[in-house]
Amino acid sequence: MIKISYSPYTLKPVQSLNAATAATAREGVLLKVEWNDGLYGFADLHPWPELGDLSLEEQLSDLRMGRMTTQIEQSIWLARRDALLRKEKKHVFDGGEKIKNNYLLSHFQDLKPGFLDGLKNEGYNTVKVKMGRDLQKEADMLTHIAASGMRMRLDFNALGSWQTFEKFMVNLPLTVRPLIEYVEDPFPFDFHAWGEARKLAKIALDNQYDKVPWGKIASAPFDVIVIKPAKTDVDKAVAQCQKWNLKLAVTSYMDHPVGVVHAVGVAMELKDKYGDMILESGCLTHRLYQMDSFAAELSTQGPYLLKNKGTGVGFDKLLEALTWYQLKVR
């Protein structure tokens, strides 16, 4: 038996986070999970209903009824990792290999003169661009990024169509396409259409992961799996990468700083274990929100997230000071 408590929080975006969402406050809960062996650990639960998740209240309601969503299963798995590290008085960053992160550009208006040179000077190699608001302006932005020599990751969040994607890619300047590392979820998963899309760019699978009939495919019509430990079974995703000779990138779920540190910890562990199979991560998403007491404890050095104070995922004093509500299972 485990005992689960939760503490609600609100994150306030600095601006709209992607083409699927408005810049409205986002609700989530931190979870405190306690086991019979006396260990306890912390994790985040931050659903994105806009991208197909059950709502926060639906997931908590399921949990009260004794049912666990995939997200809650992952939260408990992460909390157990945290608990074991707290027992050993170790930090989640202590055992892995340092890993770079891409810079997330959520809006083309962020691209000010000198901005890209500043990123390069800080040590960034790669910019991830949220696509789909205004493809013409975004194409112009990609041209500017390509001129800087930085690699690009394009994320369409499966909101487009094959026809729109093909037209967009074919019309890009010749200087741009060679610097596109991959395109994430170009449109809703379709085995044959994604296979055609691969002729235009390397394709990464992210929020369409559950749409793939893994037991039925004879080949993988994509090159990279992007996993979010907050909602993806990490071991299963790694096994698929090994089976189909794919690369893997770890990203946070644009969630609470607790979730950010968990994601980086997983990325560092995988990089240490699997080497070149693991690409740069995309976990520096805490800066998309207004500063709070948790985000204030996070520091970066260019594309690296630095170790914060505490054991496990850290934040010891802040977590201790929160009000926790026990979740009663019916």
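Using N, Cα and C of the backbone, Cβ positions are placed for all residues, glycine too.
Keep in mind the model is a prediction, meaning the values are calculated, not measured.
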Per Swiss-Prot, Glu184, Asp206 bind Mg(2+); matching candidate in Asp140, Asp155, Asp255: Asp155
Structural state of Asp206 (Mg(2+) binding site), classified by DSSP into three states: coil
Entry from the active-site residues list Lys130, Lys228 having the most other CB atoms no farther than 10 A: Lys228
Proximal residue to Lys130 (active site, proton donor) among recorded positions Glu184, Asp206, Lys228 (C-alpha distance): Glu184
Fewest other C-beta atoms within 10 angstroms, as judged across Asp155, Glu184, Asp206, which are the binding-site residues: Asp206
Distance check against Lys228 (active site, proton acceptor) for the binding-site residues Asp155, Glu184, Asp206, keeping those with Cα within 10 Å: Asp206
